[in-house]
Amino acid sequence: SFLPRFMIWNTMMGTSILSIPWGIKQAGFTSGIILILLMGILTLYCCYRVVKSRQMIPLIDTSNWEFPDVCKHYFGSFGQWSSLLFSMISLVGAMVVYWVLMSNFLFNTGKFIYNYVHDINVTDIVPGTNGSNKVICPSAASSHPPENRSVMFSSGNNTGFELFEKWWNKSQTVPFYLIAILLPMLNLKSPSFFAKFNVLGTVSVVYLVFLVTVKAAHLGIHLEFNWFTENEFFVPEFRILFPQLTGVLTLAFFIHNCVITLLQNNRNQENNVRDLSVAYFLVGLTYLYVGVIIFASFPSPPLSKECIEQNFLDNFPSDDIMSFVARIFLLFQMMTVYPLLGYLARVQLLRQFFGNAYPSLFHVLILNLAIVGAGVAMARFYPNIGGIIRYSGATCGLAFVFVYPSLIYMISLHRAGQLTWPALITHIFIILLGLANLIAQFLL
């Protein structure tokens, strides 16, 4: 049936889509496309191993097991606690990225509304293209003092605008305003109410694809192929920074810690592998489409491809109507998903320690304050979503995508007396790839 594939697609399509064009720029256009295809195939294979892992255990009823239970079966309490740790890294990493993005979207939305209401025409002193489809290069403006980035042309007093700029600041105030909305939502006993908004995720991804298509139609295609040489406007086809893309992709294709749960509701269990493969194909296609179209249509010259931001919406000015709508969609979607992620983190952590997902409001509040604090700190001091995604992706991916599925498969084959040299070498190679992926994030 269509539903399981759609659920997996919907769960996997997260915020990483905003960083894919930046990742392609870091890797180079040709190697970026090849890496998306290869990482898609590799993560799909490892996900297939996760789905099959329960059936490889003989003589035990594993029908209601999750993947951490399988890890516990093979590696004892070490497997149980380490899989909990990496699962928490992936959840909290996602929640931190959400906080940074929600601050960004809330900031830009507020700015748009304020300027519109007060009829202020603000010209950002940022290099950009002229014309109705303006594309800007915020990173080139970072050499200017950050406070002094907008000049305004409006009659009337400037003090109101200056006050607004002071109290509505992307990194200094807006991340704190979000606490008032989201902290109470995190402390609810059951967030099932927010699960009803799941369709918002689909709407925002469909809208992003639409936005990318319309922008590309207006901007046209700007590509030039150089294999290794830099030039002023274009990046080479292959760049040594390519692991930054593989780090992002590990999280972009990451569903390994909850795929068993998602497929449990599948009426025809024999179709699991097919549904999983179709879902991965659709996710890969969506990433490829958005990444390739944004990269190819980015107007070079006059702007360099290096200008592509870690969140590609930042390349459109705050008064751009289509991006404004996209930011509102994404802001609402993230505000509904955020409490669900917090709920998953709470269930996994507190149930392991206290045997109860809601021991008391005090326990839950302490945990949520820690998670929210991490989000605010990152939005304040390190608002680079590409960086946060690739570090958390490569870290939790090492365990759930590369190491555990391969080790468990090799051990179960060995116990059944079926382990062959090709299988051994292949899976050791997959583990080494995961390790190299993680180490490279810190070297580049």
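One is the number of the first residue shown, and numbering goes on along the chain from there.
Glycine residues also receive a Cβ, built from the backbone N, Cα and C atoms like all the rest.
Taken from TrEMBL, the feature domain 'Amino acid transporter transmembrane' applies to 6-112 (among others).
Annotated transmembrane segment per TrEMBL: 7-24 (among others), in sequence order. Within its own chain, the transmembrane segment (7-24) has Cβ neighbours under 8 Å at 32-33, 36, 94, 97-98, 101, 198, 201-202, 205, 208, 244-245, 248-249, 251-255, 258-259, 262-263, 275-276, 279-280, 282-283, 286-287, 290-292, 294-295, 298, 308-313, 334, 385-386, 389, 393, counting only residues six or more beyond its boundaries.
Marked as transmembrane segment by TrEMBL: 30-51 (among others).
The transmembrane segment annotation in TrEMBL covers 81-101 (among others).
Outside the transmembrane segment (172-188), and at least 6 residues removed from its termini, the chain residues within Cβ reach (under 8 Å) are 99-100, 102-103, 106-107, 110, 194, 335, 338-339, 342-343, 361, 364-365, 368-369, 371-372, 375-376, 379-380. TrEMBL lists 172-188 (among others) with the feature transmembrane segment.
For 174-439 (among others), the entry in TrEMBL reads domain 'Amino acid transporter transmembrane'.
For 200-221 (among others), the entry in TrEMBL reads transmembrane segment.
Residues or ranges marked as transmembrane segment by TrEMBL: 241-263 (among others).
Residues 4-6, 8-9, 12-13, 16-17, 20-21, 23-25, 29, 32-33, 36-37, 40, 43-44, 47-48, 51, 205, 208-209, 212-213, 215-216, 221-223, 249, 252-253, 259, 263, 266, 305, 308, 312 of the same chain lie 6 or more positions beyond the ends of the transmembrane segment (275-296) yet place their CB under 8 Å from a CB of it. Under the heading transmembrane segment, TrEMBL lists 275-296 (among others).
Sequence annotations record features per position, and here TrEMBL assigns transmembrane segment to 321-341 (among others).
If you look up TrEMBL, you'll see 361-382 (among others) marked as transmembrane segment.
Residues of the same chain lying 6 or more positions beyond the ends of the transmembrane segment (388-411) and with a Cβ under 8 Å from any Cβ of it are 15-16, 19, 43, 46-47, 49-50, 52-53, 56, 67, 70-71, 74, 79, 82-83, 86-87, 89-90, 92-94, 96-97, 100, 244, 246-254, 256-257, 378, 382, 419, 423-424, 427-428, 430-431, 433-435, 437-438, 440-441. What TrEMBL lists as transmembrane segment is 388-411 (among others).
Under the heading transmembrane segment, TrEMBL lists 423-443 (among others).
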Which stretch, 30-51, 200-221, 321-341, 361-382, tops the Cβ pairs under 8 Å count with the transmembrane segment (241-263)? 30-51
Three-state composition of the domain 'Amino acid transporter transmembrane' (6-112), taking helix and strand from DSSP: 93 helix, 0 strand, 14 coil
Take a look at 30-51, 200-221, 361-382 and tell me which one has the most Cβ pairs under 8 Å to the transmembrane segment (81-101). 361-382
